[in-house]
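Structure record follows, encoded as structure tokens.
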Amino acid sequence: MTDFGTRLRAAMDERGPLCVGIDPHAALLGRWGLGDDVAGLERFSRTVVEALADQVAVFKPQAAFFERFGSRGIAVLERTVADARAAGTLVLMDAKRGDIGSTMAAYAETFLRKDSPLFSDALTVSPYLGYGSLRPAVDLARESGAGLFVLALTSNPEGAEVQRAVREDGRTIGATMLAHLAEENAGATPMGSFGAVVGATLGDLSSFDLDINGPLLAPGIGAQGATPADLPAVFGAAVRNVVPNVSRGVLQHGPDTSALRSAAAAFAEEIRAAVAG
Ligand SMILES: O=c1ccn([C@@H]2O[C@H](COP(=O)(O)O)[C@@H](O)[C@H]2O)c(=O)[nH]1
């Protein structure tokens, strides 16, 4: 399979970079007139995929909202991933896995082994057991043509306590993660498969080197207060590699398919205008 960085760049060029989250919050299920149950979960996820698959580069299912229903929720997640991929849209599984290396290998098998029912084009991972603990996921992603998004500078205010902590060598933890990713992506064209999560909510990030030759997933637009117009100021020259994520900001317009499509199209247009400068 062509590597994830190449497939993502092609999708971004063709459809624009918007990533829509599939986050079936209980409140959203209620707002859509659905039950907070497995049937509601399935209807919600199906509707989002059918409405938006041709319009977005990436879907980002949030695993937590499926896992809370146990094995039947996981089955819905499997079908959602399969439907999205069959429709030609990339799937970034937001499961934020991270553990000691030997356990990380099992998480990697779940989401990054090609014949797994939850195989996804990319996976979010947490490096806070040490970047090296992610090695089994990096290796399997390379083997499978998949990608990773490593939590570097998250969109929530609490993240700063960890990510902006300064190491003995004077670098912050977040900057260190970005440097690891730049190493993974060295020499890749058109860009590498190993991305960073960097919140769109964070204001000026010019003290960080965001030039990792890989994608930057930017959550925080919409419900968390950031807007597409913020992207150039936050990301500077790296804005070309930004994959902006919107979840509730789009999903709140369902279940009406045309309202979902209009909301996604409006975000996509705002992002296009902001990135074009
Ligand atoms: O730093 C991060 C990393 C991940 N997320 C996830 O993105 C979506 C955001 O949802 P909104 O409804 O658009 O706020 C959600 O799944 C988070 O878990 C993040 O927000 N920040």
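The backbone N, Cα and C atoms fix where each Cβ goes, glycine too.
Quick look at what TrEMBL lists:
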DOMAIN    17-263  domain 'Orotidine 5'-phosphate decarboxylase'
ACT_SITE  LYS96  active site, proton donor
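Packing around LYS96 (active site, proton donor) is summarised by its Cβ count: 16 other Cβ atoms lie within 10 angstroms of its Cβ, all protein chains included. DSSP classifies LYS96 (active site, proton donor) as strand under the three-state reduction.
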